[in-house]
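Trainee: Dumping what Swiss-Prot says about this protein:
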- V16, D37, G81, A82, V120, S121, N122, S145: NAD(+) binding site (BINDING)
- Q84, R90, N122, P123, V124, D125, D150, T151, A152, R153, T233: substrate binding site (BINDING)
- R155, H170: beta-D-fructose 1,6-bisphosphate binding site (BINDING)
- H177: active site, proton acceptor (ACT_SITE)
- Y224: phosphotyrosine (MOD_RES)
Amino acid sequence: MDEKKRKVTVVGAGAVGSTFAYALAQSGYADEIAITDMNKNFAEGQALDLVQGLPFLPQVDIHAGDKTDYADSDIVVVTAGAKQQSGETRIDLLKRNASIITGIAKDIAESGCSGVMLIVSNPVDILTRAALKASGWERGRVIGSGTVLDTARFRYTLSKECGVDARNIHGYILGEHGDSEFAAWSMTSVAGRRIDEYCSGGVCSSGPHFDKAKILEEVRNSAYHIIDYKGSTYFAVGLALTRIAGAILRNEHSILSVSMTLDGEFGLKDVCLSVPCIVGRSGAERVIESDLPADEQAALEASAKRLKEAFTEMN
């Protein structure tokens, strides 16, 4: 008996969508990757460029697709969005993107898809909440990429400070994927030791009292620096999305800081932001709650307030 194919549909064939498709194809996590775009010829070109590398990849079926691919997809990854036009305000751009994302979300829901919707388009927290509302799905099945990449940047930055492999740094960036995000230092550890304790032995490059504010600033601003250098970010984004997709397709129950609409967790409700979640086949299956210290709880609440205000303004 044939096993069910693990299928991912990518909506939006631009730099982020195509880089994700490329990284996913190399990972071996998916058996089928459909690439869709408003510009069908562009999607065809991206798919053709990828399939010609199939002799170098794990077995995978890559093709250009359309809305009919949603129905049997395990994950639909939405990277589509409008670019800001000259003279267009931030809120007008947000409204245009919300219209695009809600339209896609409705199409996915109406297709009968039983999988997970992963929103990547920015501002990801607001658009994920809009997509959830449009879809009518349960909240764990409509998630955003959130601060998974920000968390990777945080771990990388700390690895330079501590002289330890980034994969052995444990910690999270939480809240908004944006300027109000914060580092959950209370959750940050190396080899089971709190980061402050680990660095107190003088093993970190800045000594026992490293500059936490400077590290957070570096994490927050890293995307801006890359944009200054090359115009946009997509390599690390593609890898972060592949990590999330792998957790879903392989039912890993990994703990990732995806963006999810909260329903009382951390004392917050009706807001979508990044917190540690168990991610498996059905999406974000559970939020991992913890008692945050007062300053981190205040930062989370400030992030939630900012996002709620933006969502209200958009509507």
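The backbone N, Cα and C atoms fix where each Cβ goes, glycine too.
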Trainee: With a 10 Å radius around each C-beta, find which of these binding-site residues (A82, V120, V124, A152) has the fewest other C-beta atoms nearby.
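Mentor: Comparing Cβ neighbours within 10 Å for the binding-site residues A82, V120, V124, A152, A82 has the fewest.
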Trainee: When the Cα of V124 (substrate binding site) is compared with the Cα of each of the recorded positions D37, G81, H177, Y224, which one is closest?
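Mentor: Answer for the nearest of the recorded positions: H177.
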Trainee: Hey, which of the binding-site residues D37, D150 is the loneliest by Cβ count within 10 Å?
Mentor: D37
Trainee: Rank the recorded positions R155, H170, H177 by the number of other Cβ atoms within 10 Å of each Cβ and report the first-ranked residue.
Mentor: H177
Trainee: So which of the binding-site residues is most packed in, judged by how many other Cβ atoms lie within 10 Å of its Cβ, out of Q84, S121, N122, S145, T233?
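Mentor: Top count of Cβ atoms within 10 Å goes to S145.
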Trainee: Given T233 (substrate binding site) and V16 (NAD(+) binding site), what distance in Å do their CA atoms have, once rounded to a whole number?
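Mentor: Their Cα atoms are separated by 8 Å.
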Trainee: Given the binding-site residues D150, A152, R155, H170, find the one whose Cα is closest in space to the Cα of A82 (NAD(+) binding site).
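Mentor: It is D150, whose Cα lies nearest.
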Trainee: I need the CA-to-CA distance for D37 (NAD(+) binding site) versus H170 (beta-D-fructose 1,6-bisphosphate binding site), whole Å please.
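Mentor: Checking the Cα atoms of D37 (NAD(+) binding site) and H170 (beta-D-fructose 1,6-bisphosphate binding site) gives a distance of 37 Å.
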Trainee: Give me the Cα-Cα distance between the residue listed as 'phosphotyrosine' and S145 (NAD(+) binding site), rounded to a whole Å.
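Mentor: For the residue listed as 'phosphotyrosine' versus S145 (NAD(+) binding site), the Cα atoms are 18 Å apart.
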Trainee: List which of the recorded positions G81, V120, S121, N122, H177 have their Cα within 10 Å of the Cα of D150 (substrate binding site), in sequence order.
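Mentor: H177, listed in sequence order.
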Trainee: Given the binding-site residues A152, R155, H170, which lie close to N122 (NAD(+) binding site), meaning Cα to Cα within 10 A?
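Mentor: Of everything listed, nothing lies within 10 Å of N122 (NAD(+) binding site) (Cα to Cα).
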Trainee: V120 (NAD(+) binding site): which of the recorded positions Q84, A152, R155, H177 is the nearest Cα neighbour?
Mentor: H177
Trainee: State the Cα to Cα distance, in Å, between Q84 (substrate binding site) and S121 (NAD(+) binding site), rounded to an integer.
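Mentor: Their Cα atoms are separated by 13 Å.
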Trainee: Using only the residues recorded as binding substrate (Q84, R90, N122, P123, V124, D125, D150, T151, A152, R153, T233), report the maximum Cα-Cα distance in Å, whole number please.
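Mentor: Largest pairwise Cα separation, rounded: 27 Å.
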